[in-house]
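Below is one structure, written out as structure tokens; the observations come after it.
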């Protein structure tokens, strides 16, 4: 032992011997000092006693081990210093990161309140991470020993689906099978990450050339199937439909590193819960008996992720919900209805129809009014009961709509209409929840669930429904099931029923549905640089509604295989415009215009072919399949005593779990370009045209007419998953995208009117010069001035002008003037340009909006007026200068000389 100790002391990197080696917390003493001699004697006695005890126990002393190479006494081991250098640098970096905020506070002269704010933010982050870890532990405990956890007590909303629904089977045999296969599934996932995802990320950008996964461990807990439901009614005999209630609580570790930037990040746990539908179709008489397998989520699953490394920043309050939402949007683009993953088991010919899914029908929802709601607003700490500010959230599958808010009313009248696609009506319901808008947290006013199978049987439901889970409250709905007809025999009748105006091709209720399957393109030109392949993306528009495909990188023969849908008001007057663009160089690669009237004369109103692109290469083509379906309402005669069971009672679920069930799918961060293929189109809340009121006004809707409803218009979003909780989904007579500020602007107009008659231009006018330069191949727009704008405050307004060249509404396509302070007659005289050719710009529309800037966190931000300028003019090359009337939505601009 003494020899071992001497060897250990002699091998110390700094060469301390027995006399001058300091212990932890001790000072070194000279070998000749009295304290040093006393300490050496005490150490020797302890070692002798230890040696005697070891010998008495039958222990034999070990031979002294030779000192390690490079660690001899008195040497300076450079290898050890090199090993400790990274740790020293890391410690210095951490110290610098801690001291830098303190220095910044003193340097900038900030108050101590910023320190308190930072501490509060840190406490919030730690609390959020602690709650995430607690939820993960609970979920893992439930998976490991479900019976014990249930016996100890669990909330009803946490119980699996087979407890609530008798037609859902437990299927433990399936979980045992998955558990046995889980190690091999993990091997496949690791191989997928390292051999597919990692090279793809490296090739996406030169800055990511050193990207790699350092660890891929999916975890020991397998995917669990909490319930299986097999549909036997209302299904095609050539298909099998299964709903799997899946739950994955993985203690996984996925770490990644970008060595070039010393960046490390990762995920240490994932939770995902949702309903996955599996469709086996078509059933065939040959092996393997099933033609294809389709997998998708009926709605967005619930997702929770614990981050590590640099991605810990995503757990900061405000970013945690945003990160989960972005990931859910990515999942939705591939796995949430109507998107799906189709695995063919037979030849492509037999499953071609699966790549072109046609909706089962369209549900038109008249969200009319409510009565006898609860008053949730209180005063004097609850002593005085007030009213409520009700609004509704409506969901059909993955499509979510939100109505406008009615202030201080227990019997609100909305009279709004929405249209939603229904792809899979077995297992889907119409879910409606009412809330009272509050500044902090909205109060629950009741819910309603209606089975879409019953709506399809009845075709038309117009009645009052009792709200669930509240003591009182009723909701008046009119539900119409619209059948998709593959012929134009009923089109004239449908156009008459919806009061289609010949002069307005894009406004009003929908008479038809356009379904488009974008397959591929060939021989695209190279764009601006001949030596490089383009990054093609397709922009499709019908009227004022536009959608965009995914980007395909570095190819002139892209393959998309995506589906899109458009609601059509009048197919006799509307056109489908398709443009292929190079995302990298922001230039056009070709365009195409298809009049929808051509589809009316085609067989089954369907066209599938390669279309020649204009303004492109000589052999540039794009392959699409386009189908038009007429929306027809079949009215059925029923006896007076006929009853139905459309309303469905919810299972026993807590209010908190129920409120997050819908609101968790609503986010305020639009994806890039807003190109979500999950369609949901709110349609109408009113019209300013006489004669339309008496048709669209729902029966027993009260005295409020549709001329008031048009003033409540809001924005039209292409993607339901991007609807903000506080932003109403539009119910409008126009398909033009109107922001929520339109509603506020119309309310401001009513306040300005106050019984008086406003002039011809109540919102003022804007002077523009518009021309196209053939030499520069650009559209030139000069914003001169505005006059007679409305005032946002006593000091006037702070106006500026924002422009888009529709249908491009990306951030890169936005143009803005400077802000003029405190004036109603601003002068800008600023010139802007858009890179676009003359034939292309004549198919575009210039969107010009005058807005009030306001200050930071100011409430005085909003819309002052808007104008839409059609550029399909032969005089565009010469140009013109005109005054334009500003309106609420820009749909009826009037040019002034």
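Positions of Cβ are set from backbone N, Cα and C atoms, glycine also.
Where the annotation comes from TrEMBL, it is an automatic prediction and has not been curated.
Here the structure is a predicted model, which means the values were calculated and not measured.
The compositional bias 'Low complexity' annotation in TrEMBL covers 13-25.
Under the heading compositional bias 'Basic residues', TrEMBL lists 36-54.
Look at TrEMBL and you will find 167-346 tagged as domain 'SMP-LTD'.
Per TrEMBL, domain 'C2' is recorded for 345-465 (among others).
The feature domain 'C2' is assigned by TrEMBL to 490-615 (among others).
What TrEMBL records for 762-884 (among others) is domain 'C2'.
According to TrEMBL, the feature region 'Disordered' maps to 1-77 (among others).
According to TrEMBL, the region 'Disordered' annotation covers 636-730 (among others).
Marked as transmembrane segment by TrEMBL: 104-125.
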| message | Just to confirm my parser: what is the rounded mean pLDDT across the domain 'C2' (762-884)? | response | 83
| With DSSP, how much of the domain 'C2' (345-465) is helix, how much strand and how much coil, in residues? | 11 helix, 59 strand, 51 coil
| said: Treating G and I as helix alongside H, and B as strand alongside E, what does DSSP give for the domain 'C2' (490-615) in helix, strand and coil? | reply: 14 helix, 58 strand, 54 coil
| Counting each residue once, how many in the domain 'C2' (762-884) are helix, strand and coil under DSSP? | 10 helix, 63 strand, 50 coil
